[in-house]
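Heads up: the structure comes next, in structure tokens.
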Amino acid sequence: PRAGGWSPMVTDQEPWLQVDLREQMEVTAVATQGRYDSWDWVSSYLLLYSDTGRAWKQYRHEDGVGRFVGNGNSESVVQNKLSHPVRTRFLRFVPLDWNPSGWMGLRVEVYGCSYKSYVADFDGRSSLLYRFNQKSMSTVKDVISLRFKSHQAEGVLLHGEGQRGDYITLELHRGRLDLYLNLDDSRARFSSHRVPVTVGSLLDDQHWHSVHIERFNKQVNLTVDSYTQRFQTKGEGHSLEVDYELSFGGIPLPGKPGTFLRKNFNGCMENLYYNGINVIDLAKRRKPQIHSGNVTFSCSQPQLVACTFVSSSSSFLSLPSASPAVGGFSVRFQFRTWNPEGLLLSVQLNPDPQQLRLQISNSWLRLTLHSSGRQKSEVSAGRRVSDGLWHSVSLDARNLQITLTVDNEPSSTIELWEQVQSRGSFYFGGCAATAPDCQGFAPAFQGCMRLIFINSQLMNLSHVQQGLLGNYNELQFDTCNIKDRCLPNLCEHGARCSQMWSSFSCDCSGTGYAGATCHNSIYESSCEAYKLSGSSSGFYFIDPDGSGPLGPTQVYCNMTEKKVWTVLSHNSTAPVTVQTSSLQKPHVMIFNYSASAKQLRAIVSGSEQCQQEVVYNCRKSRLFNTKDGSPLSWWLDREGEKRSYWGGFLPGVQQCSCSLEENCIDMNYFCNCDADTDTWANDTGVLSYKDHLPVSQIVIGDTDRMGSQAVYHIGPLRCYGDRSIWNAASFYQESSYLYFPTLQAELASDISFYFKTSAPSGVFLENQGLKDFIRVELSSPSVVTFSFDVGNGPAVLSVKSHVPLNDRQWHYVRAERNAKEASVQVDQLPLRFLEAPADGHLRLRLSSQLFVGGTASQQRGFLGCIRSLTVNGVSFDLEERAKMTPGVSAGCPGYCTGSSSLCHNRGRCVEKSNGYICDCSQSAYGGTTCNQEVSVSFDRESSVTYTFQEPFSVMQNRSSQASTSSTDSRAREDVALSFVTSQRPAMLLTVSTFSQQYIAVILATNGTYRNHTWKCCSCASVFFVNANFKNMNMLLVGKEGELNNILVSEELQQKYTLSSDAELILIRSLTLGKVTRMENFDEEVIQGASKGFIGCLSSVQFNHVAPLKVALTNRGSSLVTVRGPLVQSNCGALAESHTLQGKTSTSMTLMICLLRLTNTRKDLAVIAGVVTAVVFITVCALAVVIRLVYQQRRAQRSSGSIKEEHRHSMYTDYRTELHLHNPVRDSVKEYYI
């Protein structure tokens, strides 16, 4: 129409447009248009609805978003369909954004239809009784539906019970709906604690809520509004047997046996149907089967008007004192919130200066009276008032007392010396900027308030909104806009959800998962993955579908062979003897494995090969009937299908292994046992057809003859290989791509893969919807970008590497998006996070296919290799899809060739036929490329002791390479570790020998950051190394009481030597943390050893031994002793991320120890240091060499002194580093004399 439309006055504060539909209507859509022929339109708005026009509720879409998209000009019509229709009379359009060059302007249209309504009003004492025509009613199917609204959080909606013990009760409890249902379950009948099924939240909001219960036999669907809970009843029965009657609105006979003593419902019900019967209609027509007690048929419930405090920093409501009472004052109100902290009320008092403050503190109410001279009095009341429920508060100041009462609980009182009176306004929820003595008490209250009384007078909030009473800021009137962010529960894998007003959090404890929504499994997906991370044989939890729904299971990982075997045992490990079994009464054994059926299927399908040994020893016990070939014994596969082959990988061939191998004792039969001899025979085979494994059941049917006997044994399920790790595809045309089905990633998704390329950019994968999309790409040679749009506008996360990523080496990418945040990680670089908006869209709606290695437009395609692509725990078979795609080939050639840096920190690259692995067994690091720090958090009592199997010098002699060309060849040891601590003194590391020598690395107390103590050959030499973190160039070095100032630049290193007596002989053990055996230790060392170590130790290496790694991966090893708490953590990686902020790195060799210091910021209260000690000790392989060394020492002693060497050269630095990383170095000469 050519009408002008609605446009508010410029002076109107928070304007809105309200529409009265004249009667209850079912609204399905709304449309908006700007004001005619103007520059006035609304670009976004909120939609509120109400039955009465007083209490309003905000409409929210499926994913909780309340914002509606409006217009971009004044003439176009924008229609918004409601994802769930609302039944209401009043609608209110609240503009949020409008044309910045004009003003607000609206023309609106509402779409919907009328509907028939049957309403009943219950006053808390009334009920409706529906009486059956017979004594009892037994049903196998029930359908119950109704709508209700109430302002109370408690009340019974429906109840029925029978003599057999069956019952059904639908109850409003703490603002949620509880359904109690029992079908002939004697345990539930006599139990004092009945467990309900709970659905919904905040149902006491005075707005209509729909309930639908559908039961068939034991299957039940309970739906409240749009949330459905599906469950199965316990007990033996399939029918619900109810005697005499069903009651609605309450339980009329509270003393009746078996009933629940609960409050009756106070509110309205609408369109109440029981198995197709309109109960309210029968009651209105006064039908005899309905008894209505005090029920009226119109909804006349009072509308309690609330206001919402939106901001935790700036919301407040100030109200004047109404008719000041002589001799005191009183305040009453109700509130609800999720926040455990917040200021509820503050008021100035006379005599001045005094202030009374009521606030929520740690979910308790705390009342504080502040007087002059910083004196204050406090009382607390209430428990768990931040639970989202309405709580009533009463504050009364009379008769030299201030009394606080919460929810009719016992009062708390502050005693006064003199009577007080209120002065000025009462501030609710927060303070105005001009309020005296009220600032600085953040946070303000975030929640809802209603029924505010001051001196027994009800405050009219409509007058406040109109500017006629008091003042306010950041408030929403006529609505309590509270939202349950834990409904639905967006925490995954059974994690517990907790919330505040604008956010929620997930407690992942005990779930086996981690992350903001507990999406990521904390376990590896296979034993192969544990092997790549540097682990050794043992029991491990694996999660075969990663972030999928299956969950972790414990397996044994056997890594002693070239192949990594995953072993799953079952309940029958010992051989079983069978007699007297026949086809009519066979022997049956069911095998229960340590994993569920779905987990077993996932493990088997993800492995390269699986097998299970079947051992069958027989005496006159056949496997097949020799006449017709029918089986007399058989086994069932994982699907329960009957199988009668007893070896090999060819199903359907009824033979044993001896037939396949052509070595049966009687070649007339296919099995040894079918010869049916009186002597013992054996049919042992290995089942290896994956689709049938594991064996779920065995049936033996031929041991009922005289002398018949069988002994069988089913071995554990054994699998090896991980099909996904090296599943790769090579893309060699920019226009080529692989396509897969649409990602199922509405609420959460994780994507991980490896890539290598020489191209500067390219799209790894992309999936699009109508507007939404998700994409991961190499946007430049050193930047990986993760971008997506769920309806809140494009979000972009980028990770920039300090080295190029197109270096033809494998790089790891993992991107994740969930309801709370998005993240992306590249290799070991720090994670990049992006928080999701608090009230934004959550669901990623995709419709196209998933493109891997390119896009639908065939532009910006990826050139290179992608492997191990996994999405939400599901591995993609790139190789299979690549075989049928032009421009893409299966596999990726060349893994280790020419790429020695693929494996770091002594890791060794091992070429495989379809990939490579890094052998990290000689490294203190873990991870797929031996670059993941192995870090452990210690406390004061923690220690790890590694005991060498035999005198270490003997071990060294066995493994060292003898050098006949050098008379001074020495065996070498090196020690390296990293630590983070704020403790001093602290014991880092102790090495002890059988000859009572030791090395101790201690953090000193006398103002120094590090104290290295060396003792050997009964001669103590103490060296102090002081690191000034503010000036990395100044080092103080002292020896036996003598101190020298030495200026050390970054490019140079200091070297010191000990006398030739300073040799470690017969190393016994190495201890990290607290030392319990302290014989022959110096006093200073004993002091440090007794204090232990509190902090993080990381990547500890002693030659080829990594004690921390051994302690974590081989806890049962006899070589390792762990005392006190020992917790694996990522503290080492966190410390490294701090040190990367600085660039100074000072290397210094002290005595024969290489000490490497890494700069960190002093303002952190954490001391981070990296200590690397390289110790060179003589080991001689030949008697001549030993004698030459002995003669040289005598010559050195006769000279009487030891000289320091100060050769500061680039060559020396390079040589030291070269020797540190050279794996073959036992024969290298090292002299620092």
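From the backbone N, Cα and C atoms, a Cβ is placed for every residue, glycine too.
For CYS892, the disulfide partner named by TrEMBL among CYS865, CYS918, CYS920, CYS930 is CYS865. Averaged over the domain 'F5/8 type C' (1-113), the predicted model has a pLDDT of 91. For the domain 'EGF-like' (482-519), the most Cβ-contacting stretch among 1-113, 119-299, 727-892 is 727-892 (pairs under 8 Å). According to DSSP, the secondary structure content of the domain 'Fibrinogen C-terminal' (518-570) in residues is 6 helix, 18 strand, 29 coil. Counting every protein chain shown, 24 other Cβ atoms lie within 10 Å of the Cβ of CYS892 (disulfide bond). The Cβ neighbour count for CYS865 (disulfide bond), using a 10 Å radius over every protein chain in view, is 24.
The domain 'F5/8 type C' (1-113): residue composition by secondary structure is 0 helix, 63 strand, 50 coil, according to DSSP.
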